[in-house]
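Participant: Take a look at what TrEMBL says about it:
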- 1-41: region 'Disordered' (REGION)
- 78-103: transmembrane segment (TRANSMEM)
- 109-130: transmembrane segment (TRANSMEM)
- 202-221: transmembrane segment (TRANSMEM)
- 233-250: transmembrane segment (TRANSMEM)
- 315-340: transmembrane segment (TRANSMEM)
- 360-382: transmembrane segment (TRANSMEM)
- 409-429: transmembrane segment (TRANSMEM)
- 435-459: transmembrane segment (TRANSMEM)
- 480-502: transmembrane segment (TRANSMEM)
- 508-529: transmembrane segment (TRANSMEM)
Amino acid sequence: MSGIAENSLRRRSVEPSQPDVKGNYKISSVSQDSAEKPYLESLGSSGHEQDGFYNNEHDMQDMHRLGKKQEFKRNFSLWSSIGFVAIYMATWEFILITLSVGFTNGGYAAMFWCFITTTLAYSTVVASLAEMASMAPTSGGQYHWVSEFSPPSYQKVLSYASGWMTTLGWLAGFASSCYTLANQIQACINVTMPDYAFTNWQITLLMWIIILVTIAFNTWGSSFFPQLETASLIGHVLGFFVVMIPLWVLCEKNTAHDVFLQFTDQSGWENMGFAYLSCQIYVLWCCFGSDSIVHLSEEVKNASIIVPRAIWWSYIGNVVFGFIMLITMLFCIGPLDPIIQSDWPFITLFDRTGSQGLNLFFNILLWILVYLGNITTLATCARETWAFARDKGLPGSTWIGRMDKKWQIPFNSVYIMSIAAALLSIIVIGSATAFSVLVSLSTLGIMTTYLISIGCVLLKRIRGESLPVARWSLGRWGMAINAFAVLYSLFIVVLCCFPLNLPVDTSTANWAPLIWVGVIILAAIAYVFHGKREYTPPVDFVEGRKAAGVGLQHSS
C-alpha cells in the first residue's frame, strides 16, 4: 500500500485547487481579496514567511487553501514526527502491559492470529487517514475533514459532532494514559512487595502528579519538543531489543502448538468465533494513535507529505515490532491459566527470567516509555482542542483558543484539558470501575470520527466528485481502500457495543455505548444553545468556498 501512495505522489501546482459550489475541486488562480492582500504580500517568493514560520511553498499553499493563518513554528521533521506517533502508539509496550487481558477470548492462538488479521484490516483505516492528512494537513483533523468533504447540507452539524467526539475522545485517552501510568508505579512496587496495593485516593494523587509534570513538558519544555520525540523514537527502538533478547534467552518456552494452534475460550460466550472477533478490541488498544500527528500538522515542515508518511511508516514499524514482541510473550509467558488469574501478567512474564532486578528494570523502562507517550497525548489533545476552539466549537472558545505569541503554544488549551483530566481522576476515589467505564469512550468515540470522515471521502469518490490534490495518494485503489475502511470501522463501532466477557453485572458491563449516546446528546444540546450560533465550520474558510472578503482564520 505504501508503494501505491509513494508512486502516486503529485507535486501541487502553485495555483491551489478550489471547490465549486457543489463541493468539487478544480485548479484555479489564487484569489487575493482585499482582506488577504496584506498577509500574502508578507510572503517571500521562495514561500517563506517573513517571521520564519513557513518552510516551503507547499506549507504556504496548504494553509492558504485551508484558509488558516500560520501561528505555529514548523519545527517537526520526518523523524521527530515518526517519533511522535511511534511513542504514542507504543505497540510493543502495550502488548506487554495490556494485551494479556485478551487471552480469555481464545487463548494464545486466537491472540496471535487475531493480531495479524486486525492489523491488516486496520491498515486500510490508517492509509485513509494518511491520505486525508495529505489533502488537508490541519490541526483540526477529523472534524475539519468532515466539514470539507461531507455533503454541504450536513457539513456544519456533522463536523460539530465530530469535533465534540474527537475532543472528548482524546480527553478520555489522556486521562486513561495517566491512570495506566499510576497503576504501573504500583506494578513496579509489586515486584519487590507483592502484597502492597495503593488506595484509590493514592492513585488519584499519582495521576495529579503525572498531569503536572506532563504540563511542564507541554509548556516550558516545548522548545525542545521535536528533539524529545526523536529521542523517544530511539528509546522506543532500543527498549524493544533490551526487553526482547533477555526474555528469549532466560525464559522457558511454550510449545509452538500452544502458541499457534491451541484455541481456548474462557470469555463465557461459548462461541469461539465471537471470542476470536472480540479479540480485535484488545489488539486495537495497542494500535491506536496513528492520527496523533495530524493534530500537529501546522507544526510539521512540509506537512502534506511528512505527516502522511509519519502516519503510515510509524504504523508499519509499530506493527512489526509489536508482532515480534507478541510472539516473544506467547512463547515465554508460561501456562495460560495462571496468566488469566494474575493481576499483573507482565510481571509474571518478567519473573520467568529468574531475576527480580531484571523484572524491576523492565517495569521501570516500560513506565518511562509509556510516560513519553503520555506527553504526546496531552500535546495532541491540546492542539485538537485549540483548533476546535479556533472554530468557536466550544464554550469559552475565545479563552481556550488563545495562542501565546511569544512561545507559539496554546497554553490555555493545555491547561483546560489537564484540569479536565484531573477532575475525571477524582472519579477513581469513588470507583476505579466507574472511571474505566468513562474512559472507555475513547475507542468508540475516535473510531466513530474515523468512520464519518472516511465515509465522506468515499461518498465523494462514489459520486465522481473531485478531491483536493494529495501528495500521498491512494491512487486508483482509493475507493476500494476507503470502502473497506468504512465497513471495518462500522464493524468495530458495533463490536465496541458488546460486552467482551460473560456473565455481565454492573461492574463488568460494557457501558461505552451508553456514554457514547450521552456524548452525542451533550453535543446536540451544545449545538442548539451554542454551536448553531457561534460555530464556524472550517469549510467556511477554505479557498473557493469562503465568502468574498473573508481573510485567513486565526486564533484569539
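The chain as shown is numbered from 1 upward.
Placement of Cβ uses the backbone N, Cα and C atoms for every residue, glycine included.
Bear in mind that the values here come from a model prediction, so they are computed numbers and not experimental data.
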Participant: State the residues, same chain only, that lie 6 or more residues beyond the ends of the transmembrane segment (480-502) and have a CB under 8 A from a CB inside it; answer 'none' if no residue qualifies.
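Facilitator: Cβ under 8 Å, 6 or more out: 1, 104-105, 121-122, 124-125, 127-128, 267-269, 277-278, 280-282, 284, 443-444, 447-448, 450-451, 454-455, 457-458, 461, 474, 508-510, 512-513.
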Participant: Determine which recorded stretch among 233-250, 315-340, 360-382, 409-429, 508-529 has the most C-beta pairs below 8 angstroms with the transmembrane segment (202-221).
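Facilitator: By Cβ pairs under 8 Å, 409-429 leads among 233-250, 315-340, 360-382, 409-429, 508-529.
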Participant: Are the transmembrane segment (409-429) and the transmembrane segment (109-130) near each other by the rule of at least 3 C-beta pairs under 8 angstroms (pairs 6 or more apart)?
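Facilitator: Per Cβ check, the transmembrane segment (109-130) does not touch the transmembrane segment (409-429).
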Participant: When you scan the chain for residues with a C-beta under 8 Å from the transmembrane segment (360-382), skipping those not six or more beyond its ends, what do you find?
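Facilitator: Sequence-distant neighbours of the transmembrane segment (360-382): 84, 87-90, 93-94, 96-97, 167, 170-171, 173-174, 177-178, 180-181, 184-185, 187-188, 191-192, 210, 214-215, 217-218, 225, 228-229, 232, 235-236, 239, 242-243, 292, 295-296, 346-347, 350, 410, 413-414, 417-418.
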Participant: For the transmembrane segment (409-429), could you work out the same-chain residues 6 or more beyond its ends whose Cβ comes under 8 Å from its Cβ atoms?
Facilitator: 170-172, 174-175, 178-179, 200-201, 203-204, 207-208, 211, 214-215, 218-219, 222, 378, 381-383, 385-386, 389, 399-403, 435, 438-439, 555
Participant: Residues sitting near the transmembrane segment (508-529): Cβ under 8 Å, six or more positions beyond its termini, same chain?
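Facilitator: The answer is 157, 160-161, 164-165, 168, 395, 437-438, 440-441, 443-445, 448, 496-501, 535.
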